[in-house]
Amino acid sequence: MDGNDHKVENLGDVDKFYSRIRWNNQFSYMATLPPHLQSEMEGQKSLLMRYDTYRKESSSFSGEGKKVTLQHVPTDFSEASQAVISKKDHDTHASAFVNKIFQPEVAEELIVNRYEKLLSQRPEWHAPWKLSRVINGHLGWVRCVAIDPVDNEWFITGSNDTTMKVWDLATGKLKTTLAGHVMTVRDVAVSDRHPYLFSVSEDKTVKCWDLEKNQIIRDYYGHLSGVRTVSIHPTLDLIATAGRDSVIKLWDMRTRIPVITLVGHKGPINQVQCTPVDPQVVSSSTDATVRLWDVVAGKTMKVLTHHKRSVRATALHPKEFSVASACTDDIRSWGLAEGSLLTNFESEKTGIINTLSINQDDVLFAGGDNGVLSFYDYKSGHKYQSLATREMVGSLEGERSVLCSTFDKTGLRLITGEADKSIKIWKQDETATKESEPGLAWNPNLSAKRF
(Lines of atoms letter the chains of each structure in order from A and count residues from 1; the text may use other names and numbers.)
(Lines give C-alpha, C1' and ligand atoms only; values in the text may rest on other atoms or scores of the structure.)
Protein backbone atom coordinates (compact mmCIF):
# COMPACT_ATOMS: atom_id res chain seq x y z
CA MET A 1 0.00 0.00 0.00
CA ASP A 2 1.40 3.38 -1.01
CA GLY A 3 1.42 5.65 2.03
CA ASN A 4 1.33 8.81 -0.13
CA ASP A 5 -2.03 8.29 -1.85
CA HIS A 6 -4.10 9.45 1.10
CA LYS A 7 -2.72 12.26 3.27
CA VAL A 8 -4.69 13.84 6.07
CA GLU A 9 -3.81 17.34 7.10
CA ASN A 10 -5.42 17.83 10.50
CA LEU A 11 -6.17 16.07 13.77
CA GLY A 12 -9.91 16.40 13.19
CA ASP A 13 -9.72 13.68 10.56
CA VAL A 14 -7.58 11.58 12.88
CA ASP A 15 -10.25 11.88 15.55
CA LYS A 16 -12.94 10.81 13.08
CA PHE A 17 -10.93 7.76 12.07
CA TYR A 18 -10.44 6.65 15.66
CA SER A 19 -14.10 7.35 16.43
CA ARG A 20 -15.23 4.89 13.76
CA ILE A 21 -13.04 2.16 15.26
CA ARG A 22 -14.42 2.91 18.71
CA TRP A 23 -17.98 2.73 17.39
CA ASN A 24 -17.26 -0.73 16.01
CA ASN A 25 -16.16 -1.82 19.47
CA GLN A 26 -18.92 0.00 21.38
CA PHE A 27 -21.81 -1.40 19.35
CA SER A 28 -20.38 -4.85 18.64
CA TYR A 29 -23.16 -6.54 20.60
CA MET A 30 -25.96 -4.92 18.54
CA ALA A 31 -27.58 -6.58 15.56
CA THR A 32 -28.05 -3.31 13.66
CA LEU A 33 -25.88 -0.21 13.53
CA PRO A 34 -27.76 2.88 14.83
CA PRO A 35 -28.90 5.09 11.90
CA HIS A 36 -26.99 8.18 12.99
CA LEU A 37 -23.76 6.15 13.06
CA GLN A 38 -24.51 4.47 9.74
CA SER A 39 -24.31 7.84 7.94
CA GLU A 40 -21.09 8.68 9.75
CA MET A 41 -19.54 5.36 8.75
CA GLU A 42 -20.44 6.03 5.11
CA GLY A 43 -18.34 9.19 5.20
CA GLN A 44 -15.26 7.25 6.31
CA LYS A 45 -15.89 4.10 4.25
CA SER A 46 -12.81 4.39 2.05
CA LEU A 47 -10.52 4.96 5.00
CA LEU A 48 -12.01 2.04 6.93
CA MET A 49 -11.61 -0.21 3.90
CA ARG A 50 -7.94 0.71 3.75
CA TYR A 51 -7.57 0.02 7.44
CA ASP A 52 -9.14 -3.42 7.06
CA THR A 53 -6.91 -4.25 4.09
CA TYR A 54 -3.87 -3.09 6.02
CA ARG A 55 -4.76 -5.36 8.95
CA LYS A 56 -5.08 -8.41 6.70
CA GLU A 57 -1.81 -7.68 4.92
CA SER A 58 0.09 -7.02 8.11
CA SER A 59 2.39 -9.88 9.04
CA SER A 60 1.56 -9.35 12.72
CA PHE A 61 -2.15 -9.95 12.21
CA SER A 62 -3.12 -13.37 13.55
CA GLY A 63 -6.87 -13.24 14.09
CA GLU A 64 -8.56 -16.61 14.39
CA GLY A 65 -11.48 -17.81 12.33
CA LYS A 66 -13.08 -15.92 9.47
CA LYS A 67 -11.49 -12.57 8.60
CA VAL A 68 -14.42 -10.24 8.04
CA THR A 69 -13.62 -7.13 6.01
CA LEU A 70 -15.11 -3.67 5.78
CA GLN A 71 -15.33 -3.64 1.97
CA HIS A 72 -18.77 -2.12 2.50
CA VAL A 73 -20.55 -0.63 5.47
CA PRO A 74 -23.23 -3.23 6.16
CA THR A 75 -26.62 -2.71 7.70
CA ASP A 76 -26.12 -5.97 9.57
CA PHE A 77 -23.62 -4.58 12.02
CA SER A 78 -23.13 -7.86 13.86
CA GLU A 79 -21.12 -9.09 10.85
CA ALA A 80 -18.90 -6.04 10.66
CA SER A 81 -18.34 -6.12 14.38
CA GLN A 82 -16.51 -9.43 14.05
CA ALA A 83 -13.67 -7.49 12.49
CA VAL A 84 -13.26 -5.74 15.79
CA ILE A 85 -10.92 -8.02 17.65
CA SER A 86 -9.24 -7.37 20.97
CA LYS A 87 -8.34 -3.90 22.23
CA LYS A 88 -4.67 -4.90 22.13
CA ASP A 89 -4.86 -5.76 18.42
CA HIS A 90 -6.63 -2.49 17.68
CA ASP A 91 -4.00 -0.51 19.56
CA THR A 92 -1.31 -2.16 17.46
CA HIS A 93 -2.94 -1.98 14.03
CA ALA A 94 -4.64 1.38 14.34
CA SER A 95 -1.44 3.07 15.50
CA ALA A 96 0.61 1.45 12.75
CA PHE A 97 -1.98 2.35 10.13
CA VAL A 98 -2.04 5.99 11.21
CA ASN A 99 1.74 6.17 11.08
CA LYS A 100 1.59 4.80 7.52
CA ILE A 101 -0.99 7.12 5.92
CA PHE A 102 -1.10 10.34 7.92
CA GLN A 103 1.19 13.33 7.49
CA PRO A 104 4.48 12.94 9.39
CA GLU A 105 3.93 16.43 10.84
CA VAL A 106 1.17 14.91 13.00
CA ALA A 107 3.23 13.65 15.92
CA GLU A 108 2.94 9.91 16.51
CA GLU A 109 2.93 10.28 20.27
CA LEU A 110 0.07 12.77 20.16
CA ILE A 111 -2.03 10.50 17.96
CA VAL A 112 -1.46 7.35 19.98
CA ASN A 113 -2.06 9.13 23.28
CA ARG A 114 -5.25 10.61 21.91
CA TYR A 115 -6.51 7.20 20.79
CA GLU A 116 -5.66 5.54 24.10
CA LYS A 117 -7.38 8.37 25.94
CA LEU A 118 -10.51 7.98 23.83
CA LEU A 119 -10.57 4.23 24.46
CA SER A 120 -10.28 4.80 28.20
CA GLN A 121 -13.41 6.98 28.08
CA ARG A 122 -15.66 4.25 26.76
CA PRO A 123 -18.63 4.24 29.17
CA GLU A 124 -19.40 1.30 31.39
CA TRP A 125 -22.81 -0.29 30.90
CA HIS A 126 -25.32 0.32 33.69
CA ALA A 127 -28.75 -1.23 34.09
CA PRO A 128 -31.64 1.21 33.53
CA TRP A 129 -33.67 2.58 36.42
CA LYS A 130 -37.42 2.27 36.89
CA LEU A 131 -40.00 3.51 39.37
CA SER A 132 -40.53 1.16 42.31
CA ARG A 133 -42.68 3.05 44.82
CA VAL A 134 -44.53 6.35 45.29
CA ILE A 135 -44.97 7.70 48.81
CA ASN A 136 -47.35 10.49 49.79
CA GLY A 137 -47.77 12.32 53.08
CA HIS A 138 -46.27 15.79 52.85
CA LEU A 139 -48.53 18.78 52.23
CA GLY A 140 -45.90 20.81 50.38
CA TRP A 141 -42.90 20.43 48.09
CA VAL A 142 -40.40 17.83 49.29
CA ARG A 143 -37.20 19.88 49.49
CA CYS A 144 -34.65 17.54 51.08
CA VAL A 145 -33.94 13.89 51.84
CA ALA A 146 -31.30 11.96 53.82
CA ILE A 147 -30.75 8.23 54.32
CA ASP A 148 -30.08 6.35 57.56
CA PRO A 149 -26.25 6.26 57.42
CA VAL A 150 -25.83 3.33 59.81
CA ASP A 151 -28.38 0.60 59.13
CA ASN A 152 -29.91 1.79 55.85
CA GLU A 153 -33.38 1.07 57.24
CA TRP A 154 -35.10 4.46 57.06
CA PHE A 155 -34.87 7.87 55.45
CA ILE A 156 -36.04 11.35 56.35
CA THR A 157 -37.57 14.11 54.22
CA GLY A 158 -38.17 17.82 54.79
CA SER A 159 -40.85 19.91 53.14
CA ASN A 160 -42.42 23.29 52.48
CA ASP A 161 -45.06 22.22 54.99
CA THR A 162 -42.41 22.94 57.73
CA THR A 163 -42.26 19.31 58.89
CA MET A 164 -39.84 16.41 58.58
CA LYS A 165 -41.03 12.85 58.19
CA VAL A 166 -39.19 9.61 58.87
CA TRP A 167 -40.09 6.72 56.55
CA ASP A 168 -39.35 3.00 56.57
CA LEU A 169 -37.20 2.32 53.50
CA ALA A 170 -38.44 -1.24 52.95
CA THR A 171 -42.18 -0.58 53.24
CA GLY A 172 -42.52 3.15 52.61
CA LYS A 173 -44.60 3.53 55.76
CA LEU A 174 -44.43 6.67 57.91
CA LYS A 175 -42.57 6.13 61.19
CA THR A 176 -42.82 9.59 62.76
CA THR A 177 -43.26 13.30 62.01
CA LEU A 178 -40.95 15.97 63.45
CA ALA A 179 -42.31 19.50 63.81
CA GLY A 180 -40.38 22.52 65.08
CA HIS A 181 -39.55 24.84 62.21
CA VAL A 182 -41.96 27.61 61.25
CA MET A 183 -40.92 27.90 57.60
CA THR A 184 -39.73 25.60 54.79
CA VAL A 185 -37.25 22.90 55.81
CA ARG A 186 -34.49 23.27 53.20
CA ASP A 187 -31.99 20.57 54.17
CA VAL A 188 -31.38 17.71 56.60
CA ALA A 189 -28.29 15.71 57.58
CA VAL A 190 -28.01 12.59 59.76
CA SER A 191 -24.88 11.81 61.77
CA ASP A 192 -23.31 8.36 61.51
CA ARG A 193 -21.46 8.84 64.83
CA HIS A 194 -24.21 10.29 67.01
CA PRO A 195 -28.00 9.80 67.19
CA TYR A 196 -28.41 13.31 65.82
CA LEU A 197 -30.36 14.86 62.99
CA PHE A 198 -29.60 18.41 61.85
CA SER A 199 -32.13 20.52 59.98
CA VAL A 200 -32.03 24.02 58.48
CA SER A 201 -34.87 26.24 57.41
CA GLU A 202 -35.94 29.47 55.78
CA ASP A 203 -36.74 30.62 59.35
CA LYS A 204 -32.96 31.29 59.75
CA THR A 205 -32.49 28.53 62.33
CA VAL A 206 -30.37 25.40 62.57
CA LYS A 207 -31.73 22.65 64.82
CA CYS A 208 -30.24 19.50 66.32
CA TRP A 209 -32.65 16.64 67.01
CA ASP A 210 -32.13 13.62 69.25
CA LEU A 211 -33.44 10.75 67.15
CA GLU A 212 -33.78 8.48 70.18
CA LYS A 213 -36.24 10.91 71.76
CA ASN A 214 -37.48 12.60 68.55
CA GLN A 215 -37.08 16.05 70.05
CA ILE A 216 -35.01 19.20 69.58
CA ILE A 217 -32.01 19.41 71.89
CA ARG A 218 -30.12 22.42 70.46
CA ASP A 219 -30.71 25.52 68.33
CA TYR A 220 -27.92 27.33 66.52
CA TYR A 221 -28.46 31.04 65.89
CA GLY A 222 -26.32 33.33 63.76
CA HIS A 223 -27.49 33.34 60.15
CA LEU A 224 -29.09 36.59 59.01
CA SER A 225 -31.30 35.02 56.34
CA GLY A 226 -32.82 31.70 55.40
CA VAL A 227 -30.49 28.69 55.73
CA ARG A 228 -30.41 26.40 52.69
CA THR A 229 -27.85 23.71 53.35
CA VAL A 230 -26.19 21.71 56.13
CA SER A 231 -23.38 19.14 56.14
CA ILE A 232 -21.81 17.12 58.96
CA HIS A 233 -18.02 16.85 59.10
CA PRO A 234 -17.13 13.14 58.72
CA THR A 235 -14.47 13.06 61.47
CA LEU A 236 -14.90 16.17 63.66
CA ASP A 237 -17.84 17.27 65.80
CA LEU A 238 -18.55 20.13 63.42
CA ILE A 239 -21.42 21.03 61.13
CA ALA A 240 -21.32 23.49 58.24
CA THR A 241 -24.34 25.59 57.31
CA ALA A 242 -24.93 28.21 54.63
CA GLY A 243 -27.70 30.08 52.87
CA ARG A 244 -29.01 33.39 51.64
CA ASP A 245 -26.55 35.52 53.64
CA SER A 246 -23.69 34.20 51.45
CA VAL A 247 -21.51 32.97 54.34
CA ILE A 248 -20.62 29.51 55.63
CA LYS A 249 -20.70 28.93 59.37
CA LEU A 250 -18.93 26.06 61.08
CA TRP A 251 -20.44 25.12 64.43
CA ASP A 252 -19.30 22.96 67.33
CA MET A 253 -22.31 20.66 67.42
CA ARG A 254 -21.98 20.08 71.18
CA THR A 255 -21.71 23.68 72.40
CA ARG A 256 -23.68 25.59 69.71
CA ILE A 257 -20.69 27.92 69.35
CA PRO A 258 -19.81 29.14 65.81
CA VAL A 259 -16.18 28.10 65.34
CA ILE A 260 -15.49 30.07 62.17
CA THR A 261 -17.30 31.99 59.43
CA LEU A 262 -16.09 31.57 55.85
CA VAL A 263 -16.63 34.62 53.64
CA GLY A 264 -16.05 34.83 49.90
CA HIS A 265 -19.15 34.02 47.88
CA LYS A 266 -20.90 36.97 46.24
CA GLY A 267 -24.36 35.43 46.23
CA PRO A 268 -26.56 33.04 48.22
CA ILE A 269 -24.99 29.64 48.83
CA ASN A 270 -26.97 26.68 47.52
CA GLN A 271 -25.02 23.74 48.88
CA VAL A 272 -22.12 22.94 51.20
CA GLN A 273 -20.27 19.62 51.59
CA CYS A 274 -17.71 18.52 54.20
CA THR A 275 -14.78 16.18 53.53
CA PRO A 276 -12.27 14.60 55.97
CA VAL A 277 -9.18 16.30 54.48
CA ASP A 278 -8.45 19.60 52.75
CA PRO A 279 -10.42 21.06 51.19
CA GLN A 280 -12.63 20.21 54.18
CA VAL A 281 -15.49 22.35 52.88
CA VAL A 282 -16.83 22.58 49.31
CA SER A 283 -19.53 25.12 48.50
CA SER A 284 -21.57 26.21 45.48
CA SER A 285 -23.42 29.45 44.94
CA THR A 286 -25.69 31.54 42.77
CA ASP A 287 -22.53 33.51 41.88
CA ALA A 288 -21.73 30.65 39.44
CA THR A 289 -18.69 29.44 41.38
CA VAL A 290 -17.62 26.42 43.38
CA ARG A 291 -15.21 27.17 46.22
CA LEU A 292 -12.78 24.86 47.99
CA TRP A 293 -12.00 26.02 51.53
CA ASP A 294 -9.04 25.70 53.89
CA VAL A 295 -10.89 25.51 57.20
CA VAL A 296 -7.79 25.94 59.40
CA ALA A 297 -6.74 29.12 57.62
CA GLY A 298 -10.34 30.24 57.20
CA LYS A 299 -9.94 31.15 53.55
CA THR A 300 -10.57 29.94 50.03
CA MET A 301 -8.09 27.43 48.60
CA LYS A 302 -9.44 27.62 45.05
CA VAL A 303 -12.35 29.12 43.12
CA LEU A 304 -13.76 27.04 40.25
CA THR A 305 -15.22 29.44 37.70
CA HIS A 306 -16.09 27.18 34.76
CA HIS A 307 -19.86 27.40 35.30
CA LYS A 308 -21.74 30.32 33.76
CA ARG A 309 -24.90 30.24 35.89
CA SER A 310 -26.02 29.54 39.44
CA VAL A 311 -24.53 26.26 40.69
CA ARG A 312 -27.53 24.68 42.37
CA ALA A 313 -26.20 21.23 43.18
CA THR A 314 -23.05 19.36 44.15
CA ALA A 315 -22.39 15.73 45.10
CA LEU A 316 -19.34 14.02 46.56
CA HIS A 317 -18.23 10.71 45.10
CA PRO A 318 -18.52 7.99 47.80
CA LYS A 319 -15.17 6.40 46.84
CA GLU A 320 -13.13 8.91 44.88
CA PHE A 321 -11.88 12.23 46.25
CA SER A 322 -13.91 14.15 43.70
CA VAL A 323 -17.09 16.20 43.44
CA ALA A 324 -19.68 16.84 40.73
CA SER A 325 -21.35 20.23 40.30
CA ALA A 326 -24.26 21.37 38.15
CA CYS A 327 -25.83 24.50 36.79
CA THR A 328 -28.33 24.90 33.95
CA ASP A 329 -27.31 22.62 31.03
CA ASP A 330 -23.89 21.96 32.54
CA ILE A 331 -22.54 19.17 34.77
CA ARG A 332 -18.85 18.81 35.58
CA SER A 333 -16.71 16.76 37.94
CA TRP A 334 -13.58 17.92 39.76
CA GLY A 335 -10.63 16.38 41.53
CA LEU A 336 -10.69 17.83 45.02
CA ALA A 337 -6.99 17.57 45.76
CA GLU A 338 -6.13 20.32 43.27
CA GLY A 339 -9.52 21.49 42.04
CA SER A 340 -8.76 20.07 38.59
CA LEU A 341 -11.51 19.55 36.01
CA LEU A 342 -12.09 15.83 35.41
CA THR A 343 -15.13 15.47 33.16
CA ASN A 344 -17.60 17.48 31.13
CA PHE A 345 -20.86 15.52 31.07
CA GLU A 346 -23.29 15.16 28.14
CA SER A 347 -25.68 17.59 29.79
CA GLU A 348 -26.78 19.98 27.04
CA LYS A 349 -30.48 20.85 27.03
CA THR A 350 -31.07 19.28 30.44
CA GLY A 351 -32.45 22.55 31.78
CA ILE A 352 -32.16 23.68 35.39
CA ILE A 353 -30.62 20.95 37.55
CA ASN A 354 -31.74 20.97 41.19
CA THR A 355 -30.04 17.89 42.58
CA LEU A 356 -27.13 15.49 42.02
CA SER A 357 -26.36 12.13 43.62
CA ILE A 358 -23.57 9.60 43.00
CA ASN A 359 -23.44 5.94 44.03
CA GLN A 360 -20.48 3.61 44.47
CA ASP A 361 -21.09 2.03 41.05
CA ASP A 362 -20.20 5.31 39.29
CA VAL A 363 -23.78 6.24 38.45
CA LEU A 364 -24.44 9.97 38.62
CA PHE A 365 -28.07 11.06 38.88
CA ALA A 366 -29.31 14.54 37.98
CA GLY A 367 -32.83 15.73 38.75
CA GLY A 368 -34.23 18.62 36.76
CA ASP A 369 -36.71 21.44 37.14
CA ASN A 370 -38.55 19.98 34.13
CA GLY A 371 -39.20 16.67 35.87
CA VAL A 372 -36.57 14.75 33.89
CA LEU A 373 -34.33 12.20 35.58
CA SER A 374 -30.94 11.79 33.89
CA PHE A 375 -28.46 9.01 34.62
CA TYR A 376 -24.78 9.25 33.66
CA ASP A 377 -21.71 7.07 33.71
CA TYR A 378 -19.54 9.09 36.11
CA LYS A 379 -16.20 8.14 34.57
CA SER A 380 -16.98 8.99 30.95
CA GLY A 381 -19.72 11.60 31.36
CA HIS A 382 -22.03 9.65 29.03
CA LYS A 383 -25.78 10.01 29.63
CA TYR A 384 -27.13 6.48 29.32
CA GLN A 385 -30.74 7.01 30.44
CA SER A 386 -33.27 9.83 30.53
CA LEU A 387 -36.84 9.47 31.72
CA ALA A 388 -39.64 11.71 32.93
CA THR A 389 -40.95 11.42 36.44
CA ARG A 390 -44.48 10.13 36.89
CA GLU A 391 -46.90 12.99 37.42
CA MET A 392 -49.29 12.65 40.32
CA VAL A 393 -53.02 12.98 39.74
CA GLY A 394 -54.13 16.54 40.39
CA SER A 395 -50.64 18.04 40.25
CA LEU A 396 -49.97 21.14 38.16
CA GLU A 397 -47.54 21.35 35.25
CA GLY A 398 -45.23 23.52 37.34
CA GLU A 399 -45.06 20.80 40.00
CA ARG A 400 -43.02 18.30 37.98
CA SER A 401 -39.67 19.40 39.42
CA VAL A 402 -37.29 16.90 40.99
CA LEU A 403 -35.99 18.88 43.97
CA CYS A 404 -33.79 16.51 45.97
CA SER A 405 -32.29 13.03 45.81
CA THR A 406 -30.10 10.48 47.54
CA PHE A 407 -28.97 6.92 46.94
CA ASP A 408 -29.31 4.45 49.79
CA LYS A 409 -26.14 2.98 51.30
CA THR A 410 -26.09 0.09 48.82
CA GLY A 411 -26.44 2.38 45.81
CA LEU A 412 -29.25 0.15 44.51
CA ARG A 413 -32.15 2.45 45.41
CA LEU A 414 -32.61 6.10 44.54
CA ILE A 415 -34.96 8.32 46.54
CA THR A 416 -36.27 11.56 45.03
CA GLY A 417 -38.36 14.35 46.55
CA GLU A 418 -40.53 16.30 44.15
CA ALA A 419 -42.64 19.42 43.75
CA ASP A 420 -45.85 17.39 43.45
CA LYS A 421 -45.43 16.63 47.22
CA SER A 422 -44.49 13.01 46.53
CA ILE A 423 -41.46 10.88 47.34
CA LYS A 424 -40.43 8.31 44.75
CA ILE A 425 -38.14 5.32 45.09
CA TRP A 426 -36.38 4.05 41.97
CA LYS A 427 -34.56 0.76 41.43
CA GLN A 428 -32.38 -0.68 38.70
CA ASP A 429 -34.01 -3.20 36.39
CA GLU A 430 -32.45 -6.49 37.51
CA THR A 431 -33.62 -8.30 34.36
CA ALA A 432 -31.92 -5.89 31.95
CA THR A 433 -28.87 -6.89 29.91
CA LYS A 434 -26.54 -5.06 27.54
CA GLU A 435 -28.39 -6.58 24.62
CA SER A 436 -31.92 -5.82 25.81
CA GLU A 437 -31.22 -2.35 27.24
CA PRO A 438 -28.13 -0.84 25.59
CA GLY A 439 -29.07 2.65 26.75
CA LEU A 440 -28.75 5.95 24.93
CA ALA A 441 -26.28 5.89 22.04
CA TRP A 442 -22.78 6.99 22.90
CA ASN A 443 -21.06 9.34 20.46
CA PRO A 444 -17.34 9.99 21.09
CA ASN A 445 -17.62 13.36 19.34
CA LEU A 446 -20.18 14.75 21.81
CA SER A 447 -19.20 17.16 24.54
CA ALA A 448 -18.58 14.61 27.29
CA LYS A 449 -14.86 14.67 27.94
CA ARG A 450 -12.59 13.13 30.54
CA PHE A 451 -9.57 15.30 31.23
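Just so it is clear, glycine is given a Cβ too, placed from its N, Cα and C backbone atoms.
Here Swiss-Prot flags 137-168 as repeat 'WD 1'. Within its own chain, the repeat 'WD 1' (137-168) has Cβ neighbours under 8 Å at 174-179, 181-192, 197, 199, 201, 399, 401, 403-410, 415-419, 421-423, counting only residues six or more beyond its boundaries.
The residues of the repeat 'WD 2' (180-210), classed with DSSP into helix (H, G, I), strand (E, B) and coil, number 0 helix, 17 strand, 14 coil. Residues or ranges marked as repeat 'WD 2' in Swiss-Prot: 180-210.
Note on the repeat 'WD 3' (222-252): its mean pLDDT in the predicted model is 97. The feature repeat 'WD 3' is assigned by Swiss-Prot to 222-252.
The repeat 'WD 4' feature in Swiss-Prot is assigned to 264-294. Long-range contacts of the repeat 'WD 4' (264-294) within the same chain: residues 225, 228-235, 238, 240-248, 250, 300-305, 307-316, 321, 323, 325, 327, 334, 336, 339, each at least 6 residues beyond the stretch ends and with a Cβ under 8 Å from a Cβ of the stretch.
Taken from Swiss-Prot, the feature repeat 'WD 5' covers 306-335. With a cut-off of 8 Å between Cβ atoms, the residues of this chain six or more beyond the repeat 'WD 5' (306-335) that come close are 267, 270-271, 273, 275, 277, 282, 284-290, 341-345, 347-360, 364, 366, 376, 378, 381, 411.
Listed by sequence, the residues of this chain that lie at least six past the ends of the repeat 'WD 6' (348-377) yet keep a Cβ under 8 A from its Cβ atoms are 123-124, 126, 128-129, 312-319, 324-329, 331, 333, 383-389, 391, 400-407, 411-412, 414, 416, 418, 426, 447. Residues annotated as repeat 'WD 6' in Swiss-Prot: 348-377.
Taken from Swiss-Prot, the feature repeat 'WD 7' covers 397-427. Away from its own ends, the repeat 'WD 7' (397-427) comes close to residues 129-149, 152, 155, 157, 159, 167, 169, 172, 318, 354-361, 363, 365, 367-373, 388-391 of its chain (Cβ-Cβ under 8 Å, at least six residues beyond either end).
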